[in-house]
């Protein structure tokens with residue numbers, strides 16, 4: 001209710017300034033740190049017990065500034081990042097565009113972040129607070145050895161992470177998506193799976209929606225072979241459906257409502273290709289309870305939101321979690337785990 005009143009003022013700001021405002025507000029607001037505790041929503045993925053399956057996707061809290069405030073809003077987990085070894089400014093501004101008529105966002109941020117030292121200091125300071133925190137890592141744009149960057153980041157962030165995500169699917173770092181190719185992916189996973197050590201947190205992989213069937217099959221096969229913790233499906237798309245907003249032709253990754261059909265189909269593709277052998281995290285165009293329920297029934301053990309928060313506000317996580325509780329009761333299910341892949 002409150003967000004609907006202040007949304008016009010927030011949306012009058014430049015999108016990047018509005019995002020910064022939201023981070024600063026979360027730092028300052030006296031938020032009630034009550035987490036949704038319906039036991040029927042608890043789900044175990046890669047050995048981690050998630051209190052509910054609704055999380056914040058990477059990209060919102062790039063520098064690990066407000067993970068605990070987000071958990072206090074009712075999210076079951078928060079994925080911070082993407083974080084790179086060295087600080088980088090990202091691409092020139094403007095680089096973030098709000099497509100209000102399409103309930104979408106286009107970004108070409110380019111892994112802008114304060115770097116590993118800053119993130120590590122913040123994550124170390126809050127480590128005793130608990131909660132499920134994923135850390136999404138990337139490579140510096142000018143790196144001579146991107147696989148080494150990923151291995152370094154996984155090793156450095158492992159002590160503070162519930163899980164680690166190798167983000168090789170951003171369209172805004174030239175050549176990054178080439179790491180999804182079969183040979184490169186095998187080398188990457190060999191490096192990052194070894195980096196955290198035998199007792200380290202599980203490693204997830206975030207993939208693009210813009211994949212051919214052969215790519216899906218190859219990624220699924222390698223992920224199973226390497227014992228990946230989960231696949232996050234999917235990142236933003238470079239494709240452009242029929243959009244109505246003024247900034248529809250800006251370059252970058254498209255997220256929000258127009259991504260939903262593609263992200264849902266790609267999730268189903270990976271569910272089929274993996275045969276349920278690896279947990280899936282559904283992300284892309286999830287804005288409602290029905291969206292989350294559909295993604296879970298299509299095979300997602302967890303779901304993540306980000307762009308929808310631009311339009312629905314910070315209460316979205318708690319709203320979806322409560323709605324999923326109702327869905328379980330309506331379908332006579334005792335646990336959200338019963339709903340996974342039940343379509």
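Cβ coordinates come from backbone N, Cα and C, glycine included.
Secondary structure from DSSP puts residue 170 (active site, nucleophile) in coil. Summarising the annotation, Swiss-Prot assigns active site, nucleophile to 170.
The feature FMN binding site is assigned by Swiss-Prot to 58, 59, 60, 61, 62, 82, 136, 167, 206, 234, 256, 285, 306, 307, with sequence analysis given as support. For residue 62 (FMN binding site), the Cβ neighbour count at a 10 Å cut-off comes to 21, with all displayed protein chains included.
Long-range Cβ contacts of residue 110 (substrate binding site) within its own chain (separation 6+, distance under 8 Å): 88, 90, 91, 95, 141, 172, 173. Per Swiss-Prot, the feature substrate binding site maps to 62, 107, 108, 109, 110, 111, 167, 172, 235, 236.
Within 10 Å of residue 136 (FMN binding site), as judged by C-alpha distances, the recorded positions found are 167; the full candidate list was 108, 167, 170, 235.
Taking the centroid of the Cβ atoms of 62, 107, 108, 109, 110, 111, 167, 172, 235, 236 as the substrate site, the other same-chain residues with Cβ within 8 Å of it are 59, 82, 90, 170, 171, 173, 252, 253. Packing around residue 256 (FMN binding site) is summarised by its Cβ count: 24 other Cβ atoms lie within 10 angstroms of its Cβ, all protein chains included. Long-range Cβ neighbours of residue 235 (substrate binding site) (same chain, at least 6 residues apart, Cβ-Cβ under 8 Å): 167, 169, 170, 171, 206, 207, 208, 209, 253, 284. Residue 108 (substrate binding site) is 15 Å away from residue 256 (FMN binding site) when you measure Cα to Cα. Here the C-alpha separation of residue 108 (substrate binding site) and residue 60 (FMN binding site) works out to 14 Å. A simple way to gauge crowding: the CB of residue 108 (substrate binding site) has 21 other CB atoms within 10 angstroms, across all the protein chains here.
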